[in-house]
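Asks: This is the structure, below, for whatever I ask next.
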Amino acid sequence: MEVRTFAFLQIVVFVALGIQLFAAVTDAADADDEFFTVDYCGMNCTLQQDGSWTPCTQKNAECKCYHESGSSVGLCLSTAYTDFNQFGDPNNSDLDAATPRHPDASSR
């Protein structure tokens with residue numbers, strides 16, 4: 001009796017794991033339309049005595065100071081988020097219609 005109960009519980013756990021894995025893979029497949037990048041700017045930032053942080057001066061002010069709460073040292077990071085859903089389908093016929101044509105191509 002105990003063996004059957006244990007086997008049943010193992011099957012339940014494997015089924016639950018399979019469902020979770022399927023959900024994770026499906027969610028990851030949908031994430032192709034979004035792209036988030038973080039780049040280290042090559043410098044750190046520190047908390048000054050007046051409560052302000054030293055500026056991150058790399059990459060034309062694209063870098064910002066990111067720090068954990070309670071910490072007096074942070075990292076200068078550059079972040080970028082791209083949502084590829086904002087761009088149209090590259091196979092859209094409107095793109096072909098809007099493509100510039102060479103002036104001689106219309107006379108042929």
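Just so you know, glycine gets a Cβ as well, placed from its N, Cα and C.
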Asks: If you follow Swiss-Prot, the disulfide involving C65 connects it to which of the following: C41, C45?
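Replies: Answer per the record: C45.
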Asks: Would you list, in sequence order, the recorded positions among C45, C65, N91 whose CA lies within 10 Å of the CA of C76 (disulfide bond)?
Replies: C45, C65
